[in-house]
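Worksheet for the structure shown next.
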Amino acid sequence: MSGTKWTEEQLSAITTRDCNLLVAAAAGSGKTAVLVERIIKIITNEENPIDIDKLLVVTFTSAAAAEMRERIANAISKKLDETPTSKNLQKQLTLLNRSNIMTIHSFCLGVIKNNFHKIDLDPSFRICDQTEGILLKMEIIDELFDDKYDEENQEFIKFIEAFSSYKSDNALKELVLSLYNFTMAGPWPKKWLKDASRDFDIKTLQELDETKWVNVLKESIKIELDGYIKMMQKAVKLINETDGLEPYFEGFSSELDLIVNAYNNVESSLNDLYNSLNLITFNRLKTIKKNTVSDENIQNLVKQIRDQVKKKISALIEGTFIASPDKMLDNIIKSYPYINQLTELTSEFIDRFTAKKKEKNILDFNDLEHLCLKILIEENEENQIVPSTIAQKFKDYFEEVLVDEYQDSNNVQEAIIELVSRKNSDNPNVFMVGDVKQSIYKFRQAKPELFIDKYNSYSLDKGINRKIQLYKNFRSREEIINGVNYIFKSVMSKTVGELEYTDVEALNLGANYPEKKNDDDIIGGPIEVHILDRSDNKEENDEFKLQAEEEIGDVNLEARIIVKRINELISKKEGNKFKVLDKDTGEYRDLKYKDIVILLRATKNWSEVLLDELGLAGIPVYADTGSGYFESIEIRTIMSLLKVIDNPMQDVPMLSLLISPIIGLSAEELSDIRLIDKEKYFYENIIKISKEKLISVELQEKCEYILSSIDKWRRKSIYMPIDEFIWYLYMDTAYYGYVGAMPNGVLRQANLKILFQRARQFSDTSFKGLFNFINFINKLTKSSGDMGSAKILGENEDVIRIMSIHKSKGLEFPVVFLAGCGKNFNLMDLNNKILYHEELGLGPEYINLENRTSITTLPKEAIKKRMKLETLSEEMRVLYVAFTRAKEKLIITGAVRNAEKSIEKWINSAVLDKDVVLPYEISKGKSYLDWIGMALCKHKDGEILRKKLGFSSEMCKDDLSMWKISIWNKYELDMYDELDENQEEEDVKISILDKDVNKEIKSEVYRRLGYEYEFKESTKLTSNISVSDLKKRNIEDDIDTLKMFDLEEEDNKNKDIITPKFLQEEKGISAAERGTAIHFAMKKIDFSKVGTLKEIKEQLNKLYDEELILQEEYNSINPYKILSFFKSSLGKKMLYVYNEGGKVYREVPFYTEISSLEIDESLPQKYANEKIRLQGIIDCFFKCDDEIILLDYKTDYVENEEEFKDKYKNQLSYYSEAIFKMTGKKVDKKYLYSFYLEKEILI
């Protein structure tokens, strides 16, 4: 660290002492390095060193705390290398193990453990997991409502009638739980509830005028009227500058005066404001004769501006003043009993939940902060809340309190920091570092206002409260820096963004990117914006385009643009290659897939499509989703199965089950079942069909099978623990094997394992049974507890990552695609019946029980307006985070319904001010693309936007940023992408046919149904079969291997159910599992580090550390065997190809067609044209000395080498055929490598 060249501002942040110091550290400014160096300087100060355990360092995550410790340890160790006799350094390295570098929750837990007696807590308490916490809440909320019903309290009954649905009170229970979670983010939840209720206890208009709600409404109205005034002023200016528009001047000026008058009355009483707004009228414009106006475009523009203002003022009055002030007051008064009931229910829930946790001697994460707070405060003689003696000890002990990611703190955490530090004393000692422009956790109740208040009040000069700004970015190229500054100077403001983005906040270039050495190379370049126009081209409406419109969704089309640019960036042609800077060598190199990330605001509904489209194009890709687990097809299918077993009288899950591979009915069969009796449930109709031959014998037999299966599963569910029952279903239905054979099968099976593990956690609680488990999962699905898919990828895999912007925070990538920018912001929460806000309290609808009508209230409208601005501000910061992830290239994509209309809207917003887009216009934006488009309409590179509507370049402003804007018609994009025969990526994903895979297990299920018809021989054939199964001589051998799944032999099957690794006790893994583990290792291993046993062991350790292989799998892999392969002549040949820059293709999936007679020669000749889809995964192939060499790894026990060769001969033939279809080149040599024999075998 001592060799680092610090900037002047960084040095100030490192060395400034004896004050509260706020460091505003922009993206890429070296925040963490500065924080670590400050700590090092403090503990190694020659004159007054401070022990590291006397510092409290609060981090946002445990991972950040661990990284901080590691960095400090490395820094101390380096200093020890320089001065090995330093006793202080040796002492600090020792003290580091007990240092207070931790999350706020860890700190609170330590305070509680050391002071449990102060709060009457049993010291043997434990922290409950999420599962147990959710189940307890469900139990308590049910008990609470049951008790309230028993009391027959009329106010409660009216509350239920007003806010529950006709069928249940679940929505109201959810409301109480949601409000509980919200209030627990504040320091005094029960006080907040009391205050929120008391706010509704008003009687007069004067009292209403003094409320926070009215102030917020006035602020909002002021912003809107200011926008309308500027719009009308712009129109009047254009009228004055344009010959022939003089007749408009008087009317426009008069209307402008009325709006100004209303603006001036904003600070008056609600009644006066209401009246002044209603005085605004728009009379008929005077007529202008044709051909008398010098510029008709200007005439149309001013009329459009006036029409917009007219509509918006009408909407403002109707939306804000939903009634007269008197009537709004009346609605508030009538809503008071409802609000009182809600707050009392929530408060009682808090008490009951607290009592239940005390009874069980458990705490949850909310308790950690609140109990810590309870320990740190006490009442003095004047009944004032003051720091306790324990808090005072912390104040005296900690020499400095350092808070990382301060922009994400909430009010509880702020209170705790104040109580254990000397922040409010004459000897302050708090260091806070963060970037408010990256505060994107408001959904976790983060309070960026805490940072903003200090940023606005702290001084740059000397004083006890100081701030230092770090705005030099050491991450990104100049093109990225300039682009970020241009966009956010244009659109970020105090109104939307909660911070003005001025030259002070702008990023400054700090990274040093060298010039390119080869003129043909491509580096950096302008930021790209690709706009997909979804409108129809009426002049071109042929059959091909209609088909494209029907078959390709908007997300797919946007994905095609991304695929096209990726293929262009990672070009297979010589010359003109896109290069990125290698951070290790300092030289430019070819772009790799792992250098690219695709960022999404939310991955749901997008990541699957992107995976499919990139996969079809042969681009290796992985989606790192933070959610969507419960939306995956395999989890939805199993949950539908569980719901049907619990209660078959549910049509939605029943339908999902019937069409799933578990049952596999056709659309026609489903229709036949439904038409038996449309008024009955599917289950009832299935019963009816099973008893009578109403359709066909086949359907009757299927219905009998469905009923017998459901009956069997229901009986099993009664006595089996839920986790064992779920695994039983996986095996009994063969669904676990089925999803493993689907695309992304490893991930799908991992997802099913997660569900099993979740069921095991559930079994460890006091709640039992299928019904409770389904309810628990439903709660998780509705809450923010969606867990994201299983992790199956290492960080160094050469694949493109797809992730949410939130997941990307703190990361950086050479090339960033920011996709889905045309998607509308999610403002659905603003439509809830009751809104709540930390400052403004509760905002309900008023429900009139007499006529069953609802109407919004003034509190709700006030909260709605504030929440909308806060949500948009959060979105602005999320966009900033996305932009600043890019190091060298940023590519933005987004779709609009109609490009011309969108551009017209952007230009109309942009023309109102030369330098920025007005905050009012930004607040009306519905997507990131709206904001970006408004800004780019004013940029010199936005000519393509202005030209589309005939606008001149006079509105342009000079700027250093460079942009390349493209507008795509949806018909320009090819429907299908062909695989290039010279494709260079290592992990090729090929789909010769479609990707719909039905496996042999499904065929076996149908076989057991006992069909008897003309082509019954073909029932032995699957529509798909894997190559590994073709090593059998005929299909009957395959059927024997599937006996373990026999649905009719229930008793025997229980003995044969495969027990997963995580259910086994003291047992090793199977030979097949061992083989899978070795194959996985051979796919993941880095060929550049296989020269020694140590290197191979290190790579296997890494796979285990990254949780890519389980403990049992890790133990089963013999590193000596892998080293032996690389020492063999075949292994050396492969390494030679790799080291010379050739491509070694590993784990290549494929699908192709073969004749059914190749599967079973005994079939009649009439099946010669019957095709079977063949799928498999080729272990490895590569080109060496103009020969294509195929290699297949085997881990079998080998007794006879010739029999071993004969066993796999056909399998390698199919692989060879697949390689020919992919590359157009024949395989010259086919090898088996036996890890058992440690020998290569030529076939």
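Backbone N, Cα and C atoms are what each Cβ position is placed from, and that goes for glycine too.
The structure displayed is predicted, hence computed values, not measured ones.
According to DSSP, Gly28 (ATP binding site) is assigned to coil rather than to any helix or strand. For Gly28 (ATP binding site), the number of other Cβ atoms no farther than 10 Å from its own Cβ, over all displayed protein chains, is 23. For Ala25, Ala26, Ala27, Gly28, Ser29, Gly30, Lys31, Thr32, the entry in Swiss-Prot reads ATP binding site.
As annotated by Swiss-Prot, domain 'UvrD-like helicase ATP-binding' applies to 4-477, with the evidence given as sequence analysis.
Residues or ranges marked as domain 'UvrD-like helicase C-terminal' in Swiss-Prot: 512-810.
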All chains considered, the count of other Cβ atoms within 10 Å of the Cβ of Ala26 (ATP binding site) is 25
Judged by other C-beta atoms within 10 Å of its C-beta, the most isolated of the binding-site residues Ser29, Thr32 is Thr32
Cβ atoms other than its own within 10 Å of the Cβ of Gly30 (ATP binding site), all chains, total 22
The predicted model's mean pLDDT over the domain 'UvrD-like helicase ATP-binding' (4-477) is 92
Row Ala25 (ATP binding site), column other C-beta within 10 angstroms, all chains, value 28
Within 8 Å of the Cβ centroid of Ala25, Ala26, Ala27, Gly28, Ser29, Gly30, Lys31, Thr32, the other same-chain residues by Cβ around the recorded ATP site are Val34, Asp435, Leu470, Asn473, Phe474
